[in-house]
Structure formats: C-alpha cells, structure tokens
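Pulled the feature table from Swiss-Prot, pasting it below:
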type	residues	note
ACT_SITE	HIS101	active site, proton acceptor
BINDING	HIS264	heme b binding site
SITE	ARG97	site 'Transition state stabilizer'
Amino acid sequence: MKNQNQHNTSKCPYHGSVTSYNSNRTTNKDWWPNQLNLSILHQHDRKTNPHDEEFNYAEEFQKLDYWALKEDLRKLMTESQDWWPADYGHYGPLFIRMAWHSAGTYRIGDGRGGGSTGTQRFAPLNSWPDNANLDKARRLLWPIKKKYGNKISWADLMILAGNVAIESMGGKTIGFGGGREDVWHPEEDIYWGAEKEWLASERYSGDRELENPLAAVQMGLIYVNPEGPDGKPDPVAAARDIRETFRRMGMNDEETVALIAGGHTFGKAHGAGPASHVGPEPEAAPIEAQGLGWISSYGKGKGRDTITSGIEGAWTPTPTQWDNSYFRLLFEYEWKLTKSPAGAYQWEAVNLREEDLAPDAEDPNVKVPPMMMTTDLALRFDPEYEKIARRFYENPEEFADAFARAWFKLTHRDMGPKTRYLGPEVPKEDFIWQDPIPTVDYELSDAEIEEIKAKILNSGLTVSELVKTAWASASTFRNSDKRGGANGARIRLAPQKDWEVNEPERLAKVLSVYEDIQRELPKKVSIADLIVLGGSAAVEKAARDAGFDVKVPFIPGRGDATQEQTDVESFSVLEPFADGFRNYQKKEYSVGPEELLIDKAQLLGLTAPEMTVLVGGLRVLGANYRDLPHGVFTDRIGVLTNDFFVNLVDMNYEWVPTEGGIYEIRDRQTGEVRWTATRVDLIFGANSILRSYAEFYAQDDNREKFVRDFINAWVKVMNADRFDIHLKQAKESVTV
C-alpha cells in the first residue's frame, strides 16, 4: 500500500464533497467574491454541539466541587512534566499568559473577542504567533478538564487557572465568576484584520490611526509589538500604541500600568535561538503532531531552549514570586538596547548588581541577566505612565490591589452583567464596568399587566412611537459581550438619550408620558418594564388590526439604572452608526448597508429568518428613523401585515436607482412611483437566500405565520439581556 502522503496516489473516484479549503472544487465564493455572507447568523447551532439539547451549563457548574478543582490546579502548578517542563519548576507564569491571551482579544468597539467562549482552542487564535506554545498550557490542563468534565468549561477553566497561578505565587486576586460556556468551532463573525501574513500591519491610516474595531497593532498579536511599533525599539512611540490598544479594550492608564507590571512580575520571555528552528503552528502542523505546534529543533526544544516571542529572559530576579522588583529594576537601572539570541530587540540593565540576576529556567544555581522589553520601558518614559508606575513602586499595596482589580476586569469584562456570574468567589462589590442595574422587588399579575397596557395604549402615543422606543432601548444589546439591552432603561440617560438614531426630541416626549404613567400606577413599576410593555402592547394592537388576536409574552423584572451607575464614555461605543432595522445610517461607509444590517443582526443573536421577519414587520409598523418612507411598502402603516414582503417580490414593480443610494419602486405599466427603498430593503429581494425567506412570508397561507414569527423574534430581542430568566420561558409559544 502506498504512503498516503506520496503525490502519485490514486484519485478517489467517489469523493464528491468539499471537505477542505484546499479542494480543487470551485465554490460560490470563487464565482461571486462579493456575495453576502449570511453564515455568521447560523454559527454555533445544535449540529456542532455534542451536548444533549437539555444540557444546562449553569446547572452543571453548580455541581462542581469548586475548592477541590482549585486545589488540583494549585498542585498542577508545580508538577513539572518532562514533555514540557515548567520554567523555574512552576507553571504559574505560563497559565497567566494563557488566561491573559484568552481574555485579551476583547475589544470594546463591537464587544467581540475575549475569553467567554473558549475559542483559544480553535483557529485562528490557537495558531496566532502571539499565542505560541499556549497549546502546551491547554494540554497540561487536560487531565483536570477530563476529571471535572462538563462541570467546568474550557473557557472557565483557562481563566480560573490564571487566577490560581497568581494566588500560588503570592499574588492577590479579588474573585472569580464562572459561567463562560464553550462554543465548538471558531467564531467566524469576528474581524481580526485584512492582512494576509502573520504580524503584517496594514491597519493604520493617517497619523497612525488604528482601524476600527481592531485593538491589536498587528495580525496575530493580542496587544502591541513588544519590540516597539513595527519592531522599532522606541519606548515613547510604544507608549502611544499601548495607550490606544488598551483603551480599545476598555482599560484606562492606571489599569494598563497595573496589568503590564503585574503580568511581567512573573515568568520570562523565550528566545533561546533563531526562529528558523521552530516548526509550524498547530493548524499547519502534520497530523502526527496531534494539534501541537511550534515544535522546535533548537537544542532540546523546551526548557531553557524554548523559542516563543524571540525575546529572551525574565523581568525580575524572582520570577515565581509576587513582589515589587519589576518596578525596582525598571527605575533603579539605566537600560541599554541589545538583541536576544533570536535577534529580537530587548534591553539590558547597565551595571547590574549580582543580587538582581535572575535564575536560569532549569537550574536555580545558574544566574542570568534580566531584561526589559521596549513596551516595559514605555512605563518609565511616557510621562503619564511614569507617574502611575512610580506611585505603584512607592506603594506596593496599592499596586497589588490595582493589579487584582484590573485582572478581574480583564478576565470578566466580556461576560456581561454580574447576574451571569457563577460560583462561591463572585465579589460582592459592584463595578461600574459591569453596567450595574438595581434589582426590582415587585411582581405583576396578568390583570395588572393588562391594565398597564390599556393605560399605555390610551396615552396618546402611537404604535410607531411605542415600537420605536422599545426597539431603541432593547436593540443596544450585544450578544458578543452581553452589554446593552432594555434592562436598566439607560435610554433615559446620557449618552443614549442624546444619540441621533434615537430622535432625542421625540424620545423625550415618549419618556415623559411613561413617567406620568409610572406616577399614576398604584405600585412601583420600572420605566424599563413600561418601555418593553408599551412596545408589546403596540405589537398586539397592530396584530389585532391585521386580524390576529395575539398575546405578546411579557416577563416583568427589569430595573432602572441611574446616571451614577452608567459610564458615559464606556456606553458611547454602543451607539449605532447604522441600524438597518430602522433604516438608519449615520454616513456613508466602505461597507454596504446590507452588510451592516447583518453585523447588527449577528450582535443581536438573530438568525437570518429572524432578521428577515423583524425588518419586514418593523417597516410596516412605522419604526423607521425620523419616519423615513423608505421600505414602508404598505398603505396600512401601524398594522402588522406581510405587505413588505408581498410588494417586495411582486413582479408588477421594477426597482430604479436614484441619487443618494435610494431606489424608486415603480409600476411597470404606468411608471408611477409607489415607494422608495434603500439597499437594506432591496437585499431581501436581491439575495437569493433572503429572497427565499421573503417569498415564504409573502405567501397567502403564511400571514399568520408571519405574525407569530415576528412576535417570537421581537420577544427574543426584548428579553435578550434578561439573564435572570430562562430563554425558553421568555420565548413561550404565541397563541393566535
């Protein structure tokens, strides 16, 4: 039998499917590279998930022997394995880097990235140059994952291992919240950059303006280039990159200094020899490597011979102990530029004292000089960073506390509100970056809900105003980092009340009516609940006017946040620059309106059919920004009909482009202009997949189905941030 790797193997006559990207089959993308990508709306469905459908991770986590798990992790830290020995006999620094790099891909611009789904296990993250040799860290964790199984996700385990690592070396932490649920394949919705080569940097324009929503400076890096911008060893220029990158992760200067200094208090960088000795990353490794990458032929290929970043050495003389020696060395010595054995820029101390030599990674009796990266020296030579770093140097307890808080924020920022946290170590303290919301202490009976709906419908507010306000409040939700949503009613507060898309004057009028209703009620009901209930009442009325007597499921329990609980700068990133559901776009972008609609739908957690039915329903309900007529293909505005779809696919009309990206819908016989539309509207007739959904909802026998599906999708958005209730309860079936 011939070796399967030989090039002269016979061609299989029965292999008709496309099973690799290297297939010689031509795909739709090859023919039509600009084709709309709807696949990001259908990720992580049941077909990829090996768990039973009834599996509930939160319930499994509650069965976990949490303290036994932490003890097993603590023991692992010093149980060095021959196949990948621990530097200094302690795996702590490796696990800190693993946890940091899991959480550190998060960016505030779109809330994507981060450690909440365990995607460091998959491409591209598992093969990023900045994640080199973290595959070894995950393999070291496997016996513990195997032991505790479904009770602890990979996502939670990686972060918890980082916490235990810090604690095992004398560092301070302030707690841990579980609840990160694994996905089972890569997140294809995340834009990591346009570069086609690792460590390429094509994401800047103008005066080093970083492309949105990216945070990292180069393809395949978590943060910044440790050698300096584009590999140039300039600490001051590096500080500029650091500040912008960490800002885009939601970190201020103090948190940035604490994280860099705290992380570099531990461990070492690895650059024992030239990178030419290092094999391919995990995704490119041969099958016999079994998912391990970066296998090195330099020396033993491990221990003191390891090659990772190319920079070589520890930062401190005590690399497995929490102390203040990082700042002491940073400020007490002058630093001279040099190169590592791998040829990377780094800095060495001038006139180093013997007591400040670091131990060798394998033999504590052998001493080697410590080093600093260009990005470390940025903390000394940038004026603002220097003030903070020197204060931490002079106040070690303040530094320890600042690091613990910044670490908790780093590892939990993408988890959403505190109500999602699980486990016995959840801190009691609320942090403003968690977007805290007061809990409510009232319940509403069905009769009370009906009375309130009647008050709202008799208040003088229109169906359009009620629907618009509810949508504006709820559609801020981002499933990426679980921020936004109707809970908290932050639409009353800065900055949301002043966003252009929310039509501030009209919004103020609607909120004033809700406040009047709230005062008149015999019991306290939150504005957040009233806004959602008002939208639901309007949808019910619109459905009744269309001939369908329906109840829109409503679950009270939302609280009203205060301005003091709302970080204006942090919430500003949630402002929509486009919302196709309201036919709104702030200005022209390089990306088409239809693509921005799909991105918005993905952030809301919607499927393609849900996106379709919501757009069609919101158009006829009059939810467009400033009542623009585009896409309102009906003569019965405010009535929940399928008219949008009926008229969209009607061949009696033709679609003619005009100026400003607007299209006219004309009668083919008379030339009469019936309606106008945007690309967002027309894509549901132009894209073959979306047209199939549009035709489905345009069918005569699917009018009722359209109403039911619209309500289910509407309720899904209204309850997207209700982590205190079960999703299946929120999506109870609609009876018509």
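Every residue gets a Cβ built from N, Cα and C, even glycine.
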Quick one: Cα separation, HIS264 (heme b binding site) versus HIS101 (active site, proton acceptor), in Å?
14
Helix, strand or coil: which one is HIS101 (active site, proton acceptor) in, per DSSP?
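Helix, per DSSP.
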Which residues in the same chain, at least 6 apart in sequence, have a Cβ under 8 Å from the Cβ of HIS101 (active site, proton acceptor)?
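The list for HIS101 (active site, proton acceptor) reads GLN120, ASP130, ASN131, LEU134, ILE222, given in order along the sequence.
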In sequence order, which residues at least six apart in the same chain have a CB under 8 Å from the CB of ARG97 (site 'Transition state stabilizer')?
LEU134, ALA137, GLY263, GLY267
When a 10 Å sphere is centred on the Cβ of HIS264 (heme b binding site), how many other Cβ atoms does it contain?
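Looking across every protein chain shown, the total is 23.
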